[in-house]
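Report on one structure; see the data block that follows.
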Amino acid sequence: MAKPLTDQEKRRQISIRGIVGVENVAELKKGFNRHLHFTLVKDRNVATPRDYFFALAHTVRDHLVGRWIRTQQYYYEKCPKRVYYLSLEFYMGRTLQNTMINLGLQNACDEAIYQLGLDMEELEEIEEDAGLGNGGLGRLAACFLDSMATLGLAAYGYGIRYEYGIFNQKIRDGWQIEEADDWLRHGNPWEKARPEFMLPVHFYGRVEHTEAGTKWIDTQVVLALPYDTPVPGYLNNTVNTMRLWSARAPNDFNLRDFNVGDYIQAVLDRNLAENISRVLYPNDNFFEGKELRLKQEYFVVAATLQDVIRRFKASKFDSSNSAETAFDAFPDQVAIQLNDTHPALAIPELMRIFVDIEKLPWSKAWEITQKTFAYTNHTVLPEALERWPVELVENLLPRHLQIIYEINQKHLDKIAALFPKDVDRLRRMSLIEEEGVKRINMAHLCIVGSHAVNGVAKIHSDIVKTQVFKDFSELEPDKFQNKTNGITPRRWLLLCNPGLAELIAEKIGEDYVKDLSQLTKLNSFLGDDIFLREISNVKQENKLKFSQFLEKEYKVKINPSSMFDVQVKRIHEYKRQLLNCLHVVTMYNRIKKDPKKLFVPRTVIIGGKAAPGYYMAKLIIKLITSVAEVVNNDPMVGSKLKLIFLENYRVSLAEKVIPATDLSEQISTAGTEASGTGNMKFMQNGALTIGTMDGANVEMAEEAGEENLFIFGMRVEDVAALDKKGYEAKEYYEALPELKLAIDQIDKGFFSPKQPDLFKDLVNMLFYHDRFKVFADYEAYVKCQEKVSQLYMNPKAWNIMVLKNIAASGKFSSDRTIKEYARDIWNMEPSDIKISLSGEPSGGANKANGK
């Protein structure tokens, strides 16, 4: 008789081995059927297209999960250094197609769905965008997660699971109206709630100093409930985790007072605690010092650091060691990247944990903290820098304020010793600003508390070092680095432009997807007329497809053989959508003046959201829609010129418009755009760039040759010289008749006949307080646009320039960026090991990893 199994042997039957599904068309169809009937409880008679989308998403997810579990088991076995990317924004967009591509399932899924008589594209369009970001900063975080997984780094994205993401933009009567983005209303098939890892986060209260140490007591507690989303690498079986925290009230919330009496009200008040993760603040490059926002920033930081320390202890904490010696290994096991200053409170929070809870001496705690953190700066605009009122922090986080004061005191002592007579330097470098309302400068806190600080393009990093944080870089020059941004070629080429991706693969093979520098091989086809024509054909197909989309969704008919001239990004004065608009008015006036003259037809497309409280940005949208109303309905203009405002620009819309673009507008005032990443997406997708020498445009020109971009306007030093001399907008207005005409038309109500003074504030701003000097670059911009039109009339020369740009875009892969972060900042090595899906290690992995 067989010996009975021990409990341990019985447990071994609970295993992922043997249940990881086969990945072929028949199995995918089976999975689809199973999920439609057993997960969604529908049959084909009552299933809606949304049910079919969910059935497909769950089927694809099944193939993710095996890899996800194996990846976490692998990390537990190998115990690699882990990197934690802390960001208040992750602008992920849609997940289905990206997952199919990264798992190598797209063809099989396409075939399975086709065999089931369904339309794959229709199903993909049902998915909601995960719009948990405003623009570039959040989308960068998403691209970085893709690259970290593709490079086999043990990486975790940590953020907030906002119930409402970036608002949906509606245009009514030419004005922006915001609507709530209830992206979770149908459920989210990709996330997994992890209530077993729920953690407490404390607010308010008071600080008590005793002989045993310092305690933060009488606090209000909010619980942080984690939701995990898998992040697959490209064809390497690595699946990392993005963990987003949702706020929950504890069960005894407002009921702790025995005589509270009003039980119903106490339950209703739970909403107040849960509001922390309710909505994303819709500000891009603008600081709004609201208590709820500060709560969000501390909430993500406090929950994340508890999680990081729990995982560190589960993997490496040897109980025979004292906490002090055990934590010596912390920076060897943990790197934390702060995506802008939003998670800056992680620095005092880690100090609080080390000093108050783990009882480390201050100097040891500070040494470990500095070695752990690194900070990425994303903007040089003064209005975007976070400066929290001391009073607000004192009320919400009293212990953290004490720690910040202590950090500042030691920091200033060090500076005073180095520069004994320089009192003004102390003022400039302090973490606390004393003028007016006392404030904490969060960028200064990040710099002092990190071992590395980086800008996001060469020119931006130079400005950071020589202007914005000059004193700090003089003190510690080696702390400051550059890491030029990048984009993931999986989403921004394979997914959004399969025609171009295949064409490239036919010429140079498929390896470029993981090593984008191989695109330089395309230079050997510059003389290949057939290839140039094929590239042009792909662009034409994309334009046709986008024209049909515009007609269907926006009821706008456009000429698909016109030049598609596109500016899509957040609406902000520094991005100068106004300059673009003035050019449209100028083109319109030229056509009206001489209708018989040859004119290269253009469709100008402008899209982007304005922060709800940003009056000038909203007025700019109204101007664009008003100009469009006149231009598009003038029979004399016909199909020569059209202006479209692209409503509700978001990741999934970017995936449609970018591959269809001929001309990419990157026209910020030199020295204002830190990097930009839209510029890179357009370049990779075969658009030519008209732009200033700003942000990553500078490096794009370096890579492709300045003669292969349409560069115009003031350089950084010209802007500085003009500031010194004094910018007089009137001088340009008087000297340039076409500019004068355009401004007069806007001012006198030509584009707003029912309300002639509608744009007076805008015109007034352009004349008297335009920090971004639109008029100063107008003439150069219009002349440069004439060069663009000329080249467009010579398709072969245009296509050669397009190919040169695609071939030069390899530097701008986020894989390259992440390799540089890993090497220079995190001290980590990418791994090209493909994790085996069959084996399984001994237990304990999930205990340590909490996935």
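Along the chain as shown, residues are numbered 1 onward.
Including glycine, each Cβ sits where the backbone N, Cα and C put it.
Since we're looking at a predicted model, the values are computed, not measured.
Copied over from Swiss-Prot, here are the features:
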- Asp43, Arg44, Asn45, Tyr76, Arg310: AMP binding site (BINDING)
- Ala2: N-acetylalanine (MOD_RES)
- Ser15: phosphoserine (MOD_RES)
- Lys364: N6-succinyllysine (MOD_RES)
- Lys470: N6-acetyllysine (MOD_RES)
- Ser524: phosphoserine (MOD_RES)
- Ser561: phosphoserine (MOD_RES)
- Ser639: phosphoserine (MOD_RES)
- Lys681: N6-(pyridoxal phosphate)lysine (MOD_RES)
- Lys796: N6-acetyllysine (MOD_RES)
- Cys109: site 'Involved in the association of subunits' (SITE)
- Cys143: site 'Involved in the association of subunits' (SITE)
- Tyr156: site 'May be involved in allosteric control' (SITE)
Sparsest-packed of the listed recorded positions (Ser15, Asn45, Ser524, Ser561) - C-beta count within 10 angstroms: Asn45
Per-residue Cβ crowding (10 Å cut-off), top of recorded positions Tyr76, Tyr156: Tyr156
Neighbour count (Cβ, 10 Å) for Lys796 (N6-acetyllysine): 11
Spatially closest candidate among Ser15, Cys143, Ser561, the listed recorded positions, to Asp43 (AMP binding site) (Cα to Cα): Ser15
Most Cβ neighbours inside 10 Å, all chains, among the modified residues Lys470, Lys681: Lys681
Maximum Cα-Cα separation (Å), residues Asp43, Arg44, Asn45, Tyr76, Arg310 listed as binding AMP: 49
Candidates Arg44, Asn45, Tyr76, Arg310 (binding-site residues) - the one closest to Cys109 (site 'Involved in the association of subunits') by CA: Arg44
Intrachain C-beta neighbours of Arg44 (AMP binding site), sequence separation six or more, cut-off 8 angstroms: Leu36
Of Ala2, Cys109, Cys143 (the recorded positions), the residue whose Cβ has the fewest other Cβ atoms within 10 Å: Ala2
Conformational class of Ser561 (phosphoserine) under the three-state DSSP mapping: coil
Cα-to-Cα gap, Lys681 (N6-(pyridoxal phosphate)lysine) vs Asn45 (AMP binding site), nearest whole Å: 42
Neighbour count (Cβ, 10 Å) for Ser639 (phosphoserine): 13
Three-state secondary structure, which DSSP defines for Tyr156 (site 'May be involved in allosteric control'): strand
